[in-house]
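In Swiss-Prot this protein carries:
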DISULFID  Cys50-Cys64  disulfide bond
DISULFID  Cys57-Cys69  disulfide bond
DISULFID  Cys63-Cys77  disulfide bond
SIGNAL    1-19  signal peptide
Amino acid sequence: MKTFVFIVLVALAFVLTAAKEERANPSELVSALAELVMLDAERGVDKPGCRYLFGGCKSDDDCCPRLGCKGKGHDYCAWDGTFSD
């Protein structure tokens with residue numbers, strides 16, 4: 001119980017600190033979020049028509065990035081074991 005209360009207090013302190021920093025300079029937050037969206041677009045995370053985790057597939061090309069077609073008989077998209085940079 002003591003550990004749970006400690007974790008809640010640390011999380012609350014983190015949220016309050018982050019909110020205070022956001023109010024101090026919201027343009028930095030907006031630019032950071034825009035950069036993340038651009039990086040996802042460059043990596044092809046939002047590739048149209050790709051199959052997500054556990055989606056049906058016929059080949060690795062059917063799956064979204066970082067996923068590969070696995071299984072025998074009932075093929076599905078699963079993590080291919082790679083990490084992003």
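Heads up, the Cβ atoms here are built off N, Cα and C, so glycines get one too.
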Residue among the disulfide-bonded residues Cys50, Cys57, Cys63 whose Cβ has the most other Cβ atoms within 10 Å: Cys63
Nearest of the disulfide-bonded residues (Cys50, Cys63, Cys77) to Cys69 (disulfide bond), judged by Cα-Cα distance: Cys77
Among Cys64, Cys69, Cys77 [disulfide-bonded residues], residue with fewest other Cβ within 10 Å: Cys64
Rounded Cα-Cα span from Cys77 (disulfide bond) to Cys64 (disulfide bond), Å: 8
Cys57 (disulfide bond) versus Cys63 (disulfide bond) - Cα distance in angstrom: 7
Structural state of Cys50 (disulfide bond), classified by DSSP into three states: coil
Nearest-integer angstrom distance between the alpha carbons (Cα) of Cys77 (disulfide bond) and Cys50 (disulfide bond): 10
Cys57 (disulfide bond) versus Cys50 (disulfide bond) - Cα distance in angstrom: 9
Where Cys64 (disulfide bond) sits in the secondary structure, as DSSP reduces it to three classes: coil
